Ligand code: SF4
Ligand code: SF4
């Protein structure tokens, strides 16, 4: 019988700087990316399910209240971030949960809390657009051999776009009084915001098709093009994520300076040179942690303990991908459940209102006459 060959636990490896450093290999395989991809897949499936229900609900009213009736899925309001922001301000100012699109507010609240606890985990674990972007970047690497990195001046200037967009939304909503916010939400336009969004994609104009096609192509060429440069929702999550006590942290003693973490980082962060990643661009995807070969060198963790060995420093400080998944699930389902049991989840309008507004949603124009109320 063959004698099993002992795998050396410690080896000496050349670093990218050419020095030699002792590598203590990780004892357990990293499963973060398999787990994250499962979570992404399940969330895409949930969104597809909500999308089908919403489409059937709209078709019911478009057919004049005939055919299959499916209740309106309130979860679809997650695609109304502006309504979510307006409602959040209304709730902060008045203490009352708005009756129109309350789910948009609760979902935004859940994702903000997620960002406060787990950096921008929403973007890389849940957001279907983030998942699609990741898929497009991988497809781009297959087709073109690699993704492009824009020069620093272009990258920095383009990154400011999402903050400009966010600033515009925040400025407009910030200037509105509670009465104005309520007034806007209760206009036919506000009531039908989700139907109008569905119609935008159903009856996309040639301009919209060209713009969407261009975004798809750019996302194949440049990793996370939409998320990195244009998404105001991600910009908001990134700013809030600065509060997160959990960050990607590197242990300089355990690290062998191989640079593998920085190479795989989709946000092009210098993970191999910093001791903690504070950046608003870190989406807690854990790809850097998965790529790291050294035990206790890179973690998604709270601040380390003061101790002699890396194992002691990180003892009970690091969050495993299972714990990250549990926190995400707890916040998401916990907040949805809370909204449901307190009867604040659904927008309940009389059937006659939907009968009149849904088939005419395309003809409803933006209520410019709703003033800031100040
Ligand atoms: S630093 Fe790590 S967790 Fe953050 S974006 Fe880069 S690879 Fe993902
Ligand atoms: S932290 Fe980065 S540079 Fe250090 S060992 Fe891990 S992958 Fe290599």
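Yeah, the Cβs are placed from backbone N, Cα and C, and that goes for glycine too.
TrEMBL entries are annotated by machine, without manual review.
Predicted, not measured: the structure shown is a model, and the values here were computed from it.
According to TrEMBL, the protein carries these features:
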- 38-58: transmembrane segment (TRANSMEM)
- 100-118: transmembrane segment (TRANSMEM)
- 163-184: transmembrane segment (TRANSMEM)
- 204-227: transmembrane segment (TRANSMEM)
- 246-274: domain '4Fe-4S ferredoxin-type' (DOMAIN)
- 275-303: domain '4Fe-4S ferredoxin-type' (DOMAIN)
- 318-339: transmembrane segment (TRANSMEM)
Composition by DSSP (helix, strand, coil) of residues within the domain '4Fe-4S ferredoxin-type' (246-274): 5 helix, 4 strand, 20 coil
PLDDT averaged over every residue in the domain '4Fe-4S ferredoxin-type' (246-274): 96
DSSP-derived helix, strand and coil totals, residue by residue, for the domain '4Fe-4S ferredoxin-type' (275-303): 5 helix, 6 strand, 18 coil
